[in-house]
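According to TrEMBL:
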DOMAIN    29-106  domain 'Peptidase S26'
ACT_SITE  51  active site
ACT_SITE  94  active site
DOMAIN    113-157  domain 'Peptidase S26'
């Protein structure tokens, strides 16, 4: 024997189903907007590790904008967030010291004999500001430009150091490039 549904129950079911589907729709829309904002505009990043000291210290929060990367506007001296060349699940924060075609010093500043290399096409040379405690391009070589996630443009936390980031304390960036030996 089959019982007929009460019209009031059917109407209540329709209302609940409509509200549930409306909520799911709004959640998907806002999720897509958030994804696009974080992927194409920028994101907040909590930095860890000593490689960028004194410019960025452990637990500093920075804003990483993504527009420069997409417009190919990354320059020497910029601090970038990039995918690690060894672990795609990990990001690294380093300073751009050389762009494609640049001649860069591959050794430590204290080395008696300096060694140099050229950054190949489509790559960048990254170094941490804390040269004595940084795993960077001096260890793993130039990285592909495609691994760059964005450019760090602003330090947000702690409040006393809010603002744009300072120039490299290492003075290893040569703005006017002369490729002659």
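Using the three backbone atoms N, Cα and C, a Cβ is placed for every residue, glycine included.
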So if I measure Cβ to Cβ from residue 51 (active site) and keep only same-chain residues at least 6 apart in sequence, which ones fall under 8 Å?
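In sequence order, 92, 93, 94, 128, 129, 130, 133, 134, 135, 136 meet the Cβ cut-off.
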Residues of the same chain, at least six outside the domain 'Peptidase S26' (113-157), with any C-beta under 8 angstroms of its C-beta?
42-45, 50-56, 59-66, 68-69, 73-74, 78-83, 85-86, 91-107, 163-165, 168-170, 172, 179
Hey, what's the Cβ neighbour count for residue 94 (active site) at 10 Å?
25
Mean pLDDT across the domain 'Peptidase S26' (29-106), rounded to an integer, is what?
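Across the domain 'Peptidase S26' (29-106), the average pLDDT comes out at 86.
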Could you break down the residues of the domain 'Peptidase S26' (113-157) into DSSP helix, strand and coil, giving a count for each?
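Across the domain 'Peptidase S26' (113-157), DSSP assigns the residues as follows: 10 helix, 20 strand, 15 coil.
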Can you break down the domain 'Peptidase S26' (29-106) into helix, strand and coil residue counts using DSSP?
17 helix, 26 strand, 35 coil
